[in-house]
Amino acid sequence: MSQANSPKDRLWRKICTEALIEISLLAENWKLILAGLVFQYIHGLAAHGVHYLHRPGPTLQDTGFFLLPELGQNKFYISETLFTFIFCSFLLWTFHPFVFQNKRIYTVLIWCRIFAYLVASQSLRIVTFYSTQLPGPSYHCHEGSKLARLPPPESVLEVVLINFPQGVVYGCGDLIFSSHMIFTLVFVRTYQKFGTRRCIKQFAWLLAVIQSLLIIASRKHYTVDIVVAWYTVNLVAFFLDGKLPELPDRSSGATAPPLLPLSTRNKDGKNKEEHQKLLNGNSLATTS
């Protein structure tokens with residue numbers, strides 16, 4: 001085996017070829033990606049804002065609290081650990097086309113769709129938790145906690161910066177419906193639709209159920225927050241799937257799709273030729 005054809009060199013060529021394709025896609029869809037990222041901040045700002053309206057009170061009667069034993073403050077981290085695992089695992093999967101030969105998605109295009117799911121679900125969430133403020137069941141939202149009530153902000157900067165990171169971790173009032181379940185269900189549904197391994201799909205849904213139960217057992221949310229998240233996110237995704245264009249399938253043996261399925265603008269012949277070269281280069285890299 002020559003030095004030029006070593007596994008390390010082939011991997012590097014594959015990464016470079018994929019990067020060229022993704023950069024071209026990003027150049028066309030950067031506004032969608034940027035809008036999705038900006039809305040994550042807007043959602044965080046809205047969640048922080050409703051904390052100023054929160055008034056602690058007795059914990060509401062809840063079926064999930066009755067059925068599930070309370071984990072307690074010393075095990076408060078368990079649900080966050082599982083969520084971090086789900087988030088990081090999905091994030092790594094969306095970048096697998098840079099490394100693996102068997103690929104079905106484009107990283108940029110899959111994140112355009114993910115942000116569409118997230119923005120729609122989070123918009124509904126903002127409207128919901130501002131409509132009615134419930135007393136938070138979490139430990140730091142109980143009467144007597146310093147974090148249960150926020151004093152009026154001393155400056156605009158305090159609001160804009162969302163009192164990071166404490167304002168993000170120890171929020172109160174943004175209950176219906178669970179933000180953690182929005183991310184979890186969007187990720188699981190996306191892998192269900194575009195993933196390839198059946199066992200991972202089944203395991204992902206199991207993790208989503210476990211995550212739901214852990215959030216309730218941790219008393220971070222009422223059961224209604226979880227139930228509403230399950231049917232809202234799934235209905236939002238079902239609706240958007242019927243409106244958004246189908247993503248190109250990069251599975252082995254599939255014909256080369258248009259590089260920019262989300263763009264309807266016509267490009268000049270030079271750009272089309274460059275895009276085709278990128279696709280041809282990617283096909284050669286996967287067959288080498």
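Backbone N, Cα and C define each Cβ position, glycine as well.
TrEMBL annotations:
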| type | residues | note |
| --- | --- | --- |
| COMPBIAS | 265-277 | compositional bias 'Basic and acidic residues' |
| COMPBIAS | 279-288 | compositional bias 'Polar residues' |
| DOMAIN | 171-239 | domain 'Sphingomyelin synthase-like' |
| REGION | 250-288 | region 'Disordered' |
| TRANSMEM | 74-93 | transmembrane segment |
| TRANSMEM | 105-124 | transmembrane segment |
| TRANSMEM | 167-187 | transmembrane segment |
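Remote same-chain partners of the transmembrane segment (74-93), defined as residues 6 or more beyond its termini with a Cβ less than 8 Å from a stretch Cβ, comprise 139, 180, 183-184, 187-188, 190-191, 195, 204, 207-208, 210-211, 214-215, 217-218, 220. Residue counts for the domain 'Sphingomyelin synthase-like' (171-239) under DSSP, helix first, then strand, then coil, are 53 helix, 0 strand, 16 coil.
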